[in-house]
């Protein structure tokens with residue numbers, strides 16, 4: 001969890017890379033549904049364009065439908081739940097083991113989001129402050145025009161942050177009361193990530209460690225097989 005632009009996507013991608021979890025992003029899911037012009041996507045679009053949260057019943061149904069596809073996997077939810085009714089619905093159907101909240105100052109987020117430009121067909125994101133395109137307003141790969149998404153425009157970002165603060169603090173309190181909330185504070189993802197990784201490593205083994213153990217086991221098996229072969233020859 002964390003405000004829009006707090007780095008949830010970045011931290012989530014690093015978690016999935018280092019730990020055995022499937023990533024489900026509510027933002028990516030919504031954009032996909034909007035692009036496909038599904039019933040839920042069209043319903044959601046009018047709220048997103050005006051800087052409001054998507055209604056609980058729409059979001060809950062979208063997320064639970066996707067989680068059904070991951071029933072044999074451990075998963076990481078990014079950007080959901082955002083209201084107490086969403087959290088309660090999730091806890092009833094698919095309770096989370098741990099909830100991570102990213103604390104990033106709102107002024108940092110305002111600067112970050114309003115400087116963001118997107119290549120719509122691919123989803124590539126640029127930032128005019130620290131990751132600008134080679135040519136202003138043009139995608140590096142295709143040469144096509146970049147756009148500023150409606151929800152990245154200054155007036156919309158301000159509304160999104162205000163809405164987030166009003167609706168989500170009760171959700172954090174809900175998870176605090178359940179005893180499963182962990183909070184990490186910082187300005188940038190590279191500052192927050194080491195803290196998140198250290199914490200998650202106490203809950204589950206990183207993939208790198210799992211691979212290392214597998215390689216050691218594989219070498220041990222080969223060694224035992226070689227030793228057995230030598231003994232048989234003797």
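Just so you know, glycine gets a Cβ as well, placed from its N, Cα and C.
Taking a C-beta cut-off of under 8 angstroms and a sequence separation of 6 or more, residue 5 (GTP binding site) has the following same-chain neighbours: 104, 109, 112, 113, 116, 157. Taken residue by residue with DSSP, residue 5 (GTP binding site) is part of neither helix nor strand, so it is coil. Per TrEMBL, GTP binding site is recorded for 5, 6, 7, 8, 9, 10, 116, 125, 126, 189.
The average pLDDT computed over the region 'NMPbind' (25-54) stands at 85. Residues annotated as region 'NMPbind' in TrEMBL: 25-54.
For the region 'LID' (115-152), residue counts in helix, strand and coil come to 3 helix, 13 strand, 22 coil, using DSSP. Residues or ranges marked as region 'LID' in TrEMBL: 115-152.
The domain 'Adenylate kinase active site lid' annotation in TrEMBL covers 116-151.
Non-local neighbourhood of residue 126 (GTP binding site): 116, 117, 118, 119, 132, 133, 146, each in the same chain, at least six residues away, with C-beta under 8 Å from its C-beta. Residue 116 (GTP binding site): 20 other CB atoms within 10 A of its CB, across all protein chains. Long-range C-beta contacts of residue 9 (GTP binding site), restricted to its own chain and to partners at least six residues apart, with a cutoff below 8 Å, comprise 25, 27, 78. Cβ contacts within 10 Å of residue 7 (GTP binding site), excluding its own Cβ and spanning all protein chains shown: 23.
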